Amino acid sequence: MESFSLILAIVVVTALAFDFTNGFHDTANAMATTISTGALKPKVAVAMSAVLNLVGAFLSVEVANTISKGLVDESGIRPEVIFAALVGAILWNLLTWLVGLPSSSSHALMGGLIGATIASAGAGAVHGDVLVTKVLIPAIAAPLVAGMAAMLATRLSYRLGAKRAEGKAAEKGFRVGQIASAGLVSLAHGTNDAQKTMGIITLALVAGGAVSPDSDPPVWVILSAGLAIALGTYLGGWRIIRTMGKGLTDLQPQQGFAAQTSAATVILASSHLGFSLSTTHSVSGSVMGAGLGRKGGVVRWSTATRMFVAWGLTLPAAALVGAIAEWVTGFGDWGTALVAVFLVTSSAAIWVVSRREVIDHTNVNHVEGETSQNAEPAGIVTTAIAAVTPPPVGTVADDLTATIPSPAEVTAKPSATAL
Amino acid sequence: MKIDWAALGSVFGVSLVITVVMVGVFTLGIVGLSRRERAVAQGESAGLAVTGAYACFAACAAVVAYGIYLIVA
């Protein structure tokens with residue numbers, strides 16, 4: 001019984017750690033464009049997003065219930081399985097953060113859960129149809145829907161506003177509008193993603209026999225999950241913010257407004273109409289759509305392609321790690337301890353590697369593309385990026401080795417010009 | 001396995017229409033404010049443009065309020 005509650009405690013702590021990575025991974029969704037267009041100062045933006053995330057966490061438990069009641073068969077799950085799932089999800093989140101690519105935290109979580117469940121109870125315990133309808137199709141639909149909406153809205157906005165919406169009032173207006181819709185995205189993110197952790201913790205509590213099946217998350221779970229995601233959001237995943245705000249395309253406030261409005265609408269419409277779409281995918285899609293919507297606007301497809309590859313790898317990679325972690329925990333307590341040590345050391349290692357090139361609120365808007373404002377053709381930037389970062393192929397290991405060297409080389413340029 | 005194409009389709013349609021209308025209306029509001037900016041600079045008044053602008057912003061605020069209601073509900 002003692003070891004039983006110990007493993008539960010480990011799961012809860014790991015789940016909160018995942019929530020934290022979720023927060024800083026996904027700050028970019030709400031705030032990247034707000035920061036890159038200069039509508040809000042970086043620190044102010046992440047603070048606002050953190051507060052709204054926290055508020056959002058308290059608003060509903062709908063999503064938490066989908067996680068804890070829908071995807072996998074509750075009866076066959078032990079706390080160790082959930083622990084293994086979280087290990088997979090956290091490591092993938094940290095890895096994508098390191099290379100600065102936005103990817104869906106929910107896919108990482110589901111991937112980890114699926115991998116660990118298969119390793120533990122066999123493929124039969126995963127509801128395959130739920131996987132397709134709730135994960136795969138939304139992943140393809142989200143960027144398309146959000147991107148098209150943002151592109152059309154941007155076109156319309158530039159057409160309506162041509163020569164008539166210019167000057168100080170217009171610029172200020174679009175910034176205010178962008179802040180409002182970014183706030184809405186943050187709020188929706190809080191209700192969605194903080195709840196995923198609540199769902200996981202509840203699932204662990206159910207699996208450990210601490211609460212009865214089909215129950216709603218306890219209050220302390222809601223509170224700690226909300227705080228963890230808000231803290232992560234406030235610390236800000238600046239690497240991903242930079243990719244999303246500056247790496248994919250160059251946005252003006254007017255486009256930023258269209259992008260953020262599209263993302264907010266898609267997220268709300270989809271969760272309300274019962275076809276939940278990933279926040280990350282929606283926002284990435286709408287940013288690209290807004291980029292394409294302006295005349296002369298460009299999308300850096302090489303960055304976009306790396307992002308798409310990361311999306312495709314998210315679920316299988318997290319599943320693989322989750323499955324291996326579950327296999328190791330199967331050896332008993334020392335196996336679980338080994339996995340915990342592995343998680344902590346690899347997280348630390350990723351952090352150490354990230355310190356080679358620090359990206360924070362001071363340099364979040366400086367990118368390789370910075371010097372090439374709108375006039376310069378995208379070809380130069382694209383080839384520059386392509387030159388330093390061969391597109392990741394196949395496995396996770398390749399992805400890591402192929403992309404880590406690039407940031408160091410890239411910063412060499414701006415610092416040289418600064419001197 | 002049953003894919004809910006109807007739900008997906010309605011998400012697509014609703015998102016598209018709401019986004020485009022919202023951004024369009026907001027842009028019209030901005031156009032109104034810009035007109036006032038120019039009118040003030042030339043010493044004229046632009047009462048109609050300003051009223052229109054605030055009507056546009058009010059409509060947007062109503063949609064945002066509905067969005068928050070959807071999150072809460």
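Glycine too: its Cβ is placed from the backbone N, Cα and C atoms.
Quick caveat, the model's predicted, so the values are computed rather than measured.
Feature annotation from TrEMBL assigns transmembrane segment to A:6-24, A:44-61, A:81-101, A:108-126, A:132-154, A:219-241, A:308-328, A:334-353.
When each of the listed stretches A:44-61, A:81-101, A:132-154 is scored by C-beta pairs under 8 angstroms to the transmembrane segment (A:308-328), A:81-101 comes out highest. The transmembrane segment (A:81-101) shares the most Cβ pairs under 8 Å with A:334-353, out of the stretches A:44-61, A:132-154, A:219-241, A:334-353.
Using a Cβ-Cβ cut-off under 8 Å and counting only residues 6 or more beyond its ends in the same chain, the transmembrane segment (A:219-241) has close neighbours at 15-17, 19-28, 31-32, 35-36, 42, 46-47, 49-51, 53-54, 57-58, 61, 96-102, 186, 190, 193-195, 197-198, 201-202, 205, 354, 359-361, 364.
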